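**Q** Below is the structure I would like to discuss, written out as C-alpha cells.
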Amino acid sequence: MTPDDIAGFYAKRADLDLDNYIELDFDFECAGDPHEAAAHLCSEQSTAQWRRVGFDEDFRPRFAAKVLELSAEPRPSGFSVPVECAARGPVHACRVTIAHPHGNFGAKIPNLLSAVCGEGVFFSPGIPLIRLQDIRFPEPYLAAFDGPRFGIAGVRERLQAFDRPIFFGVIKPNIGLPPQPFAELGYQSWTGGLDIAKDDEMLADVDWCPLAERAALLGDACRRASAETGVPKIYLANITDEVDRLTELHDVAVANGAGALLINAMPVGLSAVRMLRKHATVPLIAHFPFIAAFSRLANYGIHSRVMTRLQRLAGFDVVIMPGFGPRMMTPEHEVLDCIRACLEPMGPIKPCLPVPGGSDSAATLENVYRKVGSADFGFVPGRGVFGHPMGPAAGATSIRQAWDAIAAGIPVPDHAASHPELAAALRAFGGR
C-alpha cells in the first residue's frame with residue numbers, strides 16, 4: 001500500500017456519523033508496519049479494491065472500514081506462538097478499534113459475520129494472529145433486531161421468582177435413560193426446589209428417548225410438581241437439530257409440556273435461532289457447544305463476549321456459558337465480560353439471563369453469587385443435584401438451603417449444621 005492508500009482507511013470519530021458504523025476491537029500480531037497492517041485489515045474486510053481500472057472513483061469514503069484507534073508494542077522475541085507468516089519485518093502486538101459501515105451487509109447475522117469474522121479478517125496480509133475482542137452496535141442497527149422476547153423479566157415472571165438466582169438443573173444421567181425414568185428424576189428435582197429441570201445439550205430427539213414422549217412425561221411431571229409445591233416450574237427441552245426441523249420440534253415440545261427450549265446456538269446457527277424467535281411462544285435458552293473452538297486462545301479467534309452479544313441479538317432469553325469452575329478453563333475476567341454482555345444496556349434489546357456453569361453445587365453457589373455481584377443469574381448444577389448422595393430432591397433442596405443462608409447473611413457451613421441436605425452436599429462436593 002502507498003501512504004495515500006493507507007490514509008484512506010483511517011478516520012476520526014468526529015468525522016463519521018457513528019450511527020452508520022459497527023465498532024470492532026481487535027488484538028493482533030503483525031510483521032512489518034502496524035499502520036499498514038491495520039489498513040490492510042480494514043481493506044480486506046470491506047473495500048479490498050476501491051476503484052475500477054480506468055475510472056476516477058473511490059469507494060472508501062462510504063464503504064471502507066476505518067481505523068479509529070491503534071496502539072502497537074514491539075515484540076523483539078517475535079510472534080507469541082509459532083505461526084506461518086509470509087510477511088517479513090519487526091513483529092508488533094497491536095490493539096485496534098475499527099469502524100465498519102453496516103450498510104455493507106445490513107441487519108443480517110450471516111452477512112455481518114462474513115465481514116467482521118471472515119476471510120478478510122483472518123487472512124489479512126501480515127497478520128497471522130488476530131482475535132476479535134468486542135463488537136458494539138449503534139442504535140439504528142439494533143432497531144432492526146427483535147432480541148429476546150421474554151428477557152430476564154419475562155423469565156422471572158413465568159417462574160414468579162424475584163430477587164434471587166434462577167435455579168436450573170441438568171438431569172443426569174444425561175445420556176442413556178428412556179423417557180420414564182428420566183422424567184422421574186426431573187420430578188424429584190422440582191419437588192426439591194429447582195425452578196427449571198433441563199435436557200442435557202447432547203440429548204435431543206433420538207429413537208431411544210424421543211422428544212415427544214420425553215416432553216409429554218416431563219411436562220406432566222412438571223405440572224404435578226408445580227401443583228404440589230404451589231410454585232411454577234419449567235421443563236427445558238433440547239430441540240437442537242437440523243434447521244428445517246426447528247419449528248416442528250418447537251411445536252412438539254411446547255404442545256407436550258415444555259416451558260422453554262434449549263438450542264445449541266453455534267452448531268444450529270444464529271440465523272436459524274433468529275428465525276425460530278419469530279415463531280417461538282416460550283423462552284429460548286442458548287448452550288455453548290462449539291464456542292470454545294473460537295474463543296479458547298487468548299491471541300487468536302473470537303472472544304466469547306462477542307458470541308454472547310450475538311446470541312442476545314439473535315433472540316435468546318437465557319445464555320448458558322462456561323462459568324468460574326476450573327474445569328471450564330475460562331479466565332474469570334472473560335466469564336464476567338460475558339455476564340456483562342447479557343445485562344448491560346443494548347438499545348431496545350432486552351437483557352438476557354446469564355447462566356455461568358460448570359461443576360456447580362451448593363458448595364459453589366456463594367462463590368458464583370459474589371463474583372457475579374447480583375442475583376441476576378442462573379445457577380445450573382448437574383451432578384450437584386442429580387449426584388447428591390441423598391438423591392435429586394435433596395440435591396435441589398441443598399441448593400435452596402445454600403441460597404437461604406447467603407440471603408440471610410449466615411455462613412453456609414453454619415447453616416449446614418441444621419440442614420442435612422446441605423451438609424451432605426458440602427461433604428460430597430465441597431472439595432471441587
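Using the three backbone atoms N, Cα and C, a Cβ is placed for every residue, glycine included.
The annotation Mg(2+) binding site is assigned in Swiss-Prot to Lys198, Asp200, Glu201. Look at Swiss-Prot and you will find Lys198 tagged as N6-carboxylysine, backed by sequence analysis.
Thinking about packing and proximity, how do these listed features fit into the structure?
**A** A coil conformation is recorded for Glu201 (Mg(2+) binding site) in the three-state DSSP classification, outside any helix or strand. For Glu201 (Mg(2+) binding site), the same-chain residues 6+ apart in sequence whose C-beta sits under 8 angstroms from its C-beta are Asn238, Thr240, Leu262, Asn264, His287, Pro289.
Counted within 10 Å of its Cβ, the other Cβ atoms near Lys198 (Mg(2+) binding site) come to 28, all protein chains included.
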**Q** With a radius of 8 angstroms around the mean position of the C-beta atoms of Lys198, Asp200, Glu201, what other residues of the same chain does the Mg(2+) site pick up?
**A** Val170, Ile171, Asn174, Asp199, Met202, Leu203, Leu236, Asn238, Leu262, His287
**Q** Residues with Cβ closer than 8 Å to the Cβ of Asp200 (Mg(2+) binding site), same chain and 6+ apart in sequence?
**A** Val170, Ile171, Lys172, Asn174, Ile175, Asn238, Gly382
